[in-house]
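Report on the following structure.
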Amino acid sequence: MTARGGYDAALHLLDRQIVDADGLLVGKVDDVELTEDPDGALVPTGLLIGLAALLPRVSPWLHHRWVRMAPQEARRTTPSAIDIDVVDEIASEIRLGVARDGLVRARADGPHEPVRRTLRDLLEMDVLLPDRTLRVLDVRLSHRGADDRPRVAALLVGHGRPGTYLGYERSPERGPWLVATVIRWWHRGSRFVELGPGVELDWERRCVRVASDVPLADPWEADR
Amino acid sequence: MKRYLAVALGILTAIGGFVDIGDLVTNAQVGARFGLSLGWIVVIGVLGICVFAEMSGRIAAVSHRATFDLVRERLGPRIGLLNLVGSMAVTLLTFIAEIGGVALALQLVTSIHHLAWVPLVAVLVWLVLWRAKFSAMENVLGLLGLTLIVFSVALWQLQPDWGDLGRQLALADKPAGEAWTTYAFFAVALFGAAMTPYEVFFFSSGGVEERWTVKDIPTMRANVLIGFPLGGLLSLSIAGAAAVVYGPLGISVETLGQVGLPVAVALGKVGLALAIVGFVAATFGAACETGLSAGYSLAQYAGWQWGKYVKPSVAGSFHASLVVFVLLAAGVLMTTVDPIMVTEMSVVFSAVALPLTYFPILVVANDPDYLGEHTNGRFANALGSGYLVLVVVASLAAIPLMVVTKMGTA
Amino acid sequence: MSAAGRGLLALLAVAVGLTTWTGCAVVDTPDESAWRDQARQSVEDASSEVQAARLVLVQLTADRVPQAYGVVMLADAEEAAGKVEESLAAVQAPAPVRRLSDDVTALLGRAVDAVRAARVAAVGDTEPAPIVRTDLADVQRQLDAMLGQL
């Protein structure tokens, strides 16, 4: 994983294969759990696995029907998780430091537990810029805090859906020319929004408000 | 020395494993009807599968990711699911056709009706999927499939007018009585027969099964770049033999028996026996490959443990899905559907579904996060982009052509 | 109207549209040129089966094909020829060509009989009577001639 710009949650985490300490396959990262730190930072704390995490991303309608078939089942609405602490390495697969048996568990949060969000919630948000409305395409995580935990540092916003960048914004010189050109054209209006003063995440209304004085970087400009 | 043997073995199995029921039937049909005037499509299709398989093999060797891992990672769960449904439908259709093909080949030897063979063949296929070692399965069936070389010998023995065949091949000379739409339909069908998506699922997942590493890339390339084109020559021989024997008589090929008869005309019973061994090995081998491929794609989308490199009990969901697929295929065949018709459908829908898997492979083959220094070079990308366009065109044209030409019968 | 209502209406419209668009009648009633196309195709198909049967018989006689293989091929040819005859017979020929249609149907029937005779000879494990081969050749000539009339 390239260290210079951190990594992108949707591109590098979502839908990746999880492999346990013995090399056995555990599942796919169907969603990522983000926990709000007391200082307001969003920190990835778990990998969410199972239909309860996957179906809403495939089709919210389908997920709703599935929940209605057995409304008494909490696990149809609340996905189970693997704690991020057991992750050893994030490469073309997510390698864990422990064996897979009995690993995926539901969160048993008490009343004083921190506020938990999911990456999907963040990825579905509208981004209200002063002059237009865009969508969150990806979420950049980087190590900026005092500890070595990665946290959400910036949002990649633009038109279309998460993942449609196919990783091309990370190395603009990548081929083949045909695909790179189409993607570059398709996402010509996209921007980086650094989280900080002037950027407000509204989880209730599912939108991000960006003040007019927040600088917007062009992801195609090579140096970030 | 041992290393050269391994390379030679890989090439031989690639040749023998290249041909399946779709290639057998489509090439003989086209040969009887169009001579070698569509042979250039076989050449294009074989080059295409080389490009496609080389990329996915390289990805499997460097990053240990098989095709459907990448489909979901790059296209997301929604498009990925559409892709999964489409690809699995085509792969299962091919699986049904291959099992039917084995049964048809056995019917030719015994004159016992092919439906009576279906349950036995299905059980044998499942046993191989469940028990056999991956490399044993691939090598034995691949080597037995090599007996199809008898078609090349037969073509030579038939003493055709080589100049005329060469002219047809070089000039893409469409027979006067055929419409351009029919010609185009069979072009798409041949393309689909040469570039079936399952070959790539199987090839890349096989690379993971056999634990390829960067060191295996040259071996993998030799298998693909030598084995597949030689397999393509087998396809052309089948078409050529059908063209020489059936063309002048105006016979159209509708059965597996007709595919093999030119060998008997040229070489008699011994040749025919070899051809039938080849039929059984090629279709049985492809049945195993397609069955596994369907299981691979489902498991790779869902993230289940898959593969024959672990014990079946460790990959429970994967092996359960294989049981379901075998039952499904046997059930469909027992409805007395004609396996040859299923084959014809499967090659057309292969062409339809191809871009879904081709595109993500092309993108990832350029991604240094996966491949490091082994990303596509300029040449691979030029070819890859050209084939991206070609694959999309064939996919869009397939269904309209199928409707207009009524599966080529109009 | 509610979204669900509109959706239902659209579904109904598509279903009705499909029924009328495909509009397959129980009996096919083509016009003359369409019938000629169908008849020509049928005669070509039957000719292909007759030729295949002849080729197989020759190989059987020369002992270049195992009996089982030959029998399966002849049975396939017989079945296919039967289907060709049936499907054309089920088409309502337009009035001007009805005589011609009867001739074609009768000829297709002869073709099926000839292929059947070949199959009978092969299964019987006797040397196929020369008459079977002459019959096939004869029908083949007539099929070729019929193609000229269509």
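Placement of Cβ uses the backbone N, Cα and C atoms for every residue, glycine included.
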Ranges B:224-246, B:270-292: which does TrEMBL label transmembrane segment? B:224-246
The transmembrane segment (B:314-335) vs the transmembrane segment (B:141-159): three or more C-beta pairs under 8 Å (separation of 6 or more)? no
Using Cβ atoms only, state whether the transmembrane segment (B:141-159) and the transmembrane segment (B:347-365) have three or more pairs under 8 Å that are 6 or more apart in sequence. no
Do at least three C-beta pairs under 8 angstroms join the transmembrane segment (B:347-365) to the transmembrane segment (B:112-129), pairs 6 or more apart in sequence? no
Based on Cβ pairs under 8 Å, which of the stretches B:38-60, B:81-106, B:112-129, B:179-203, B:224-246 lies most in contact with the transmembrane segment (B:385-404)? B:179-203
Residues of the parent chain within Cβ reach of the transmembrane segment (B:224-246), under 8 Å, 6 or more residues beyond its termini: 10-19, 23-24, 27-32, 34-36, 38-39, 42-43, 45-47, 49-50, 53-54, 57, 148-149, 151-152, 154-155, 158, 160, 165, 168, 193-194, 252-253, 258-259, 261-263, 265-266
